[in-house]
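Taken from Swiss-Prot, the feature N-acetylalanine covers 2. The phosphoserine feature in Swiss-Prot is assigned to 26, 349. Marked as domain 'PIPK' by Swiss-Prot on the basis of sequence analysis: 43-419. Marked as region 'Required for interaction with PIP5K1A' by Swiss-Prot: 69-75.
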């Protein structure tokens, strides 16, 4: 259905809308209109403010409609849009004009459910306090205040790749009952501010929301140009690579049963990626040092004025966060202390789903690993890159750009040997 624009002067305040004076263009059916509350989420970055407003609006829209009994092909092509023209609102709260689009809302709603993430918890984790910027290998990378979700800014090409593979991904998640090392994709959005489009993917954080990671590796099983740069190595938590792992004689210490389960899961996931002709993925490996982890860390101040959030969509948010994350009874990580006290290096597996306990007596307290960068398909560009690298390094070199089947075999061989 085509979107239609309503002049700002005559537009009523839509359900979840920011208030009088807004014009909306929406693919969704007409909703019951309500007046907005006074407080509005304040974010220093307009893009982040609009993104969080849009997520709250979207979750509220979904909450008005029961989930479908089954997903249909059209659900994988659907989208929900809203266009806001606001001439009576102050720019320190939200921009005067913006657009927000959610891709395949019913599909991602279903995926969140299969990953045991409640929509209200998803909303609280994303919007109770502003997400913080963190270092990413490429593009913008944000992490939710409770450290359970990551928000990655991606390209329009990545969105197209996600669209083309979403049905296969969903079928695989259904088949494996959500028990996978693949990224848990939870939402896909477009935010338009000042006529500039930004694309956001929301995923579950692969690292612990409670335990800090002290060493981090990005492993592909390739050895050519797979060493962290000097610039990277001086960072507080550098992303090290395959050659760094070998040069440091790093090993992963987990029990035999945990190793068996992990490798079986990894092999199954990689076989799925080969079927989709996907390559260039990595194993993201994070290691928590139990000795360093027991040292007290300073808590940063909480900016209460930036923690105010009424939901903007007739969803009254929880009170402002006080203290460190992980103490709230709401949000994805909110129940961490409600079952039992956690000792040094311990975690709740239903929250830190990518975690594996280290073997008894191991120098590390916990290991976190999952597959990342799974959107690269072996297309004409990759074929050309493979040919160029083969000429430069020779046919036998361990370059990263190879056929998907060859990439998978080399990757699995390398990962199988990282354990003590």
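Cβ atoms are placed via backbone N, Cα and C, with glycine included.
Long-range contacts of the region 'Required for interaction with PIP5K1A' (69-75) within its own chain (CB-CB distance under 8 A, at least 6 residues past either end) are made by residues 104, 106-107, 110, 167, 170. There are 10 other CB atoms within 10 A of the CB of residue 349 (phosphoserine), with all protein chains counted. Counting residues of the region 'Required for interaction with PIP5K1A' (69-75) by DSSP class, helix then strand then coil, yields 3 helix, 0 strand, 4 coil.
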